[in-house]
Amino acid sequence: MSTLLIDLKGKELEQEEVELLSHPLVAGLILFTRNFEDREQIQELIRSVRQRVKKPLLITVDQEGGRVQRFRDGFTMLPSMQAFQETLSATEQVSFAKEAGWQMAAEMIALDIDLSFAPVLDLGHECRAIGDRSFSSDVKSAVNLAINFIDGMHQAGMASTGKHFPGHGHVLADSHLETPYDDRAKDEIFGYDLQPFQQLISQNKLDAIMPAHVIYGQCDSQPASGSEYWLKEILRKKLNFQGTIFSDDLGMKGAGVMGNFVERSKKALNAGCDLLLLCNEREGVIQVLDNLKLTENEPHFMARQARLKNLFKRSVIEWNDLVLDQRWKLNHRNLADIQSRWLDIQAAKND
């Protein structure tokens, strides 16, 4: 049973990485800025992975836009999600959100990447880890922009991943560095933070969801990423979500309360995650591969494997054809202009 997504150390594929990626438990990999030099190099790296690993691998990246954009030189400068609301009219916002989703997905698919983990559905901009990655603090605006962004992704042929369930926007701590605690009342979380996820699930817009490494103290004692309450009771049963559940990176400090890497993996799977990310922890990956025992007799084996298949890219796009496309050319200029205006607004605030 394939369940783990791992990372690569550098810009070239190492033999050890071929062996790790070939392990039956490994479902795919996630790419980072450290793997990127330029477009030709990253395409060659991906081609090498596809050729040397003799099984289908889900290749992923965080190419959200704004400050979370792993590939920059030679690619469209995608706006931060907050930039749409801050720089555009109401009509322009939804139009350009859709174009940003399409542009991002088309460029990644042209590299032979299956999935970019997007969009962020957290509300508000106060959390250090989220900030301008959030569309808005207003539920209606965030949902409207997210729908259009996802429609653009789907049009290009990429699945969507809503994150970070049930909402990371109202904790100041960064789960990359520590485990955040959100002690707000359950009614507030359900009536506000959860709404983008609930509404997008009801409209069948989300192919996957990534829960937060946040403990919501009035609801459960475990981080959402390792919580049966959040993933089985709320996400699967109450919201009737049928797509894939990714863990956020189990190498993050925010996941540390769940134990060592093997324990974190087991807890996330038992809580309801289908696929696990473990990054920047090569020894941790090896520990998990050596000690996590999953078989085809697992109760959710068939459902999990079916969900994995639904995440692979649904189109073939050639880079040389893409850059001749008038839609791409127009977006390439307009989206960069939106981000430039947003950066100017931020700079003026800081003066």
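Here, residue 1 is simply the first one shown, and the rest follow in order.
Cβ atoms are placed via backbone N, Cα and C, with glycine included.
Feature annotation from Swiss-Prot assigns substrate binding site to Asp62, Arg70, Arg133, Lys163, His164. The Cβ of Lys163 (substrate binding site) lies under 8 Å from the Cβ of Phe117, Ala118, Pro119, Val120, Leu121, Asp122, Ile209, Met210, Pro211, Ala212, Asp248, each of these being in the same chain and 6 or more residues away along the sequence.
Under the heading site 'Important for catalytic activity', Swiss-Prot lists Asp174.
Annotation source Swiss-Prot lists active site, proton donor/acceptor at His176.
Residues annotated as active site, nucleophile in Swiss-Prot: Asp248.
DSSP assigns His164 (substrate binding site) to a strand segment in the three-state reduction. Residues Asp62, Arg70, Arg133, Lys163, His164 are recorded as binding substrate; their most distant pair of Cα atoms lies 19 Å apart. Look at the recorded positions Asp62, Asp248 and count other Cβ atoms within 10 Å of each Cβ; Asp62 has the fewest.
Counting every protein chain shown, the number of other Cβ atoms lying within 10 Å of the Cβ of His164 (substrate binding site) is 27.
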